[in-house]
Amino acid sequence: MKSWSVNKIIMLISLFLLEVIDSQIISNNIINNFNTKQNSNNIKMTYGRFLEYLDMGWIKKVDFYDNGRIAIIEASSPELGDRLQKIRVEIPVGDSPLIVKLRTAKVDFTAHSTINSKGIFTQLSNIFIPLIIIIGLIFLFRRSTNFMSGPGQLMSFRKARAKVQTEINTDVVFDDVAGIDEVKEEFEEVVTFLRKPQRFLSVGAKIPKGVILIGPPGTGKTLLAKAIAGEAGVPFISISGSEFVEMFVGIGASRVRDLFKTAQQNAPCIVFIDEIDAVGRQRGAGIGGGNDEREQTLNQILTEMDGFKENTGIIVIAATNRVDVLDGALLRPGRFDRQVSINLPDIKGRLEILKVHAKNKKLDSNISLGLIAQRTPGFSGADLANLLNESAILTARRNKFAITMSEVNTAIDRLLAGLEGTSLTDTKNKRLIAYHEIGHAVIGTLLKYHDEVQKVTLIPRGQARGLTWFIPNDEQALISRGQLVARIIGTLGGRAAEEVVFGSSEITTGASNDLQQITNLTRQMVTRLGMSTVGPISLDANVEQVFIGRGIKNNNEFSASVANKIDDQVKIIIKHCYDQAVNIIKQNRFLIDQLVNTLIQEETISGNDFREQINNYTKLPKKLSTLSEKNNVNPKITESFVVF
């Protein structure tokens, strides 16, 4: 259909609609005139009185409206002052003898035709609804015609929405990526291959076709991929896994073909697929079966990666934090040959990351990046960047010219615990919370296996009314049973302090999160870590998450008697730890009372001040922070609170 003919059709439809609207306006004027006549006669008369007037000969003229249901009469009577007036009368339906009576009395009467407004709206709706549908279809047809006939519009919809950075310099190099030195060394040979491929080809080596980066969010997977392209000086083509599949069937596979076609045109280059688990999940499993469109896209990715010509100079890098759900064919040699894990940085890595992000920040001379790195275990690179940014924002809000440790500490507290709330004014609740937090801090300080106290505060943050911060002396990949038990005892210190000081009837709900944490930790000690009398066995090794393509439900592979024994061991461990916490609170009651008074007065006590006050009353134990120190400990002392 040509565009000019469509315009003519729309013009004719518009003229028809104008005609209908014009007729509707005329009809409305007639109805309004009729209503005006009705409203002009304020005198009303009953039908019985009307018949009496008719018998008396006082009716001069009658006008019928609304299909004979309403009559406007002209009458003159002594009641009306012998003046001719118009009166409204409602006529009963089906009173045909009235016409005979009017003719007998020789009264002039006229029936006026009226227009039913409801009928008009019904007719208009019958006309407008089909017209609206027709106009909508014409509009959609024109859009589809333009889409099909436009230059390259249909083909562009099937093209991959990848970002192609063809400049040799990506503005990101390995120096901008800190905290993952081992991973950077792993990619040095990838960069060397892209720069000097003949070194590998001369000895018959084949560079891996694909490398998949595995790690938690914010650890620098995308940044590392850009740095590889920047170091190698090759184009960088990036796309997200969610951009392949859309509402139309076959679009995902088409975009995959277009992506690799673009890569071949820009070879040597790097293709980066972020969040590949969006299209790379295991096929045909899980609840509801597979997703045909997603699986078709995955099959095309497998075909393209396996169909490369040898040594074309195209390296595919993918990133995911859910490698457990990826299809096995995607991870086999010849596709993603290597899996590189990018873990959360250790204290040395965090320090290097802080140095990178602090380059454009104005820091005070007394600020310590090493202390910040020590206070932020578990922070990713993105978290550390956000930390310094929040510190800078807080510095500007306070009208300062440089970031100090005060802003950094406040930003850490905000990121970990939430916004700062209003301090408590209720003396009883404030004292109860103070005993709860001091209970955590005192036990954590007096246990040699426990981490050191960093800060105790009564300032609310988030959902917490009070907080006790602990900071590890170092980061270990291996945690001893003594450390786990010390954590359980310290976590139960708040509840133990409440019971010892206020009695069992005054314990509160403040320990609900503590109880949840120690229950989960204790159950892991029994079922996963083999740290109980159940024995050195793992009872949940085969448990997998549901709905991710592996299974539909979790099955316990042990008997009911073993389950009962697990529950008994969990109860025994927790009870033993709670008794230890209660004993420590009772033995140091005077010290705890003094610390509570100080905390209520100052609201916040730093770790150094806290340990100094405790040292005035009792000798502090030497913290055991390394395996060599732990190996020199008297085993009998260790056994006193580790074995159950």
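Glycine is treated like the rest: Cβ placed from N, Cα and C.
Noted in Swiss-Prot for the protein shown:
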- GLU437: active site (ACT_SITE)
- GLY215, PRO216, PRO217, GLY218, THR219, GLY220, LYS221, THR222: ATP binding site (BINDING)
- HIS436, HIS440, ASP514: Zn(2+) binding site (BINDING)
- 1-5: topological domain 'Stromal' (TOPO_DOM)
- 27-119: topological domain 'Lumenal' (TOPO_DOM)
- 141-644: topological domain 'Stromal' (TOPO_DOM)
Other same-chain residues whose Cβ falls within 8 Å of the Cβ centroid of GLY215, PRO216, PRO217, GLY218, THR219, GLY220, LYS221, THR222, the recorded ATP site, in sequence order: LEU213, ALA319, ASN321, ILE342, SER380, GLY381, ALA382
From the recorded positions HIS436, GLU437, HIS440, ASP514, pick the residue whose C-alpha lies nearest to the C-alpha of GLY220 (ATP binding site). ASP514
Translate the DSSP assignment of GLU437 (active site) into the three-state scheme. helix
Taking only the residues in the topological domain 'Stromal' (1-5), give me the average pLDDT of this model. 48
Extra residues within 8 Å (Cβ to Cβ centroid of HIS436, HIS440, ASP514), Zn(2+): GLU437, GLY439, THR468, THR491, LEU492, GLY493, GLY494, ARG495, ALA497, GLY510, ALA511
Taking Cα atoms as reference points, which of the binding-site residues HIS436, HIS440, ASP514 is nearest to GLY218 (ATP binding site)? ASP514
Rounded to a whole number of Å, the separation of the Cα atoms of PRO216 (ATP binding site) and HIS436 (Zn(2+) binding site) comes to 34
Within 10 Å of each Cβ, count the other Cβ atoms and name the one among the binding-site residues GLY215, PRO217 with the highest count. GLY215
To the nearest whole angstrom, what is the C-alpha distance linking ASP514 (Zn(2+) binding site) and PRO217 (ATP binding site)? 27
Write down the Cα-Cα distance for HIS440 (Zn(2+) binding site) and THR222 (ATP binding site), rounded and given in Å. 40
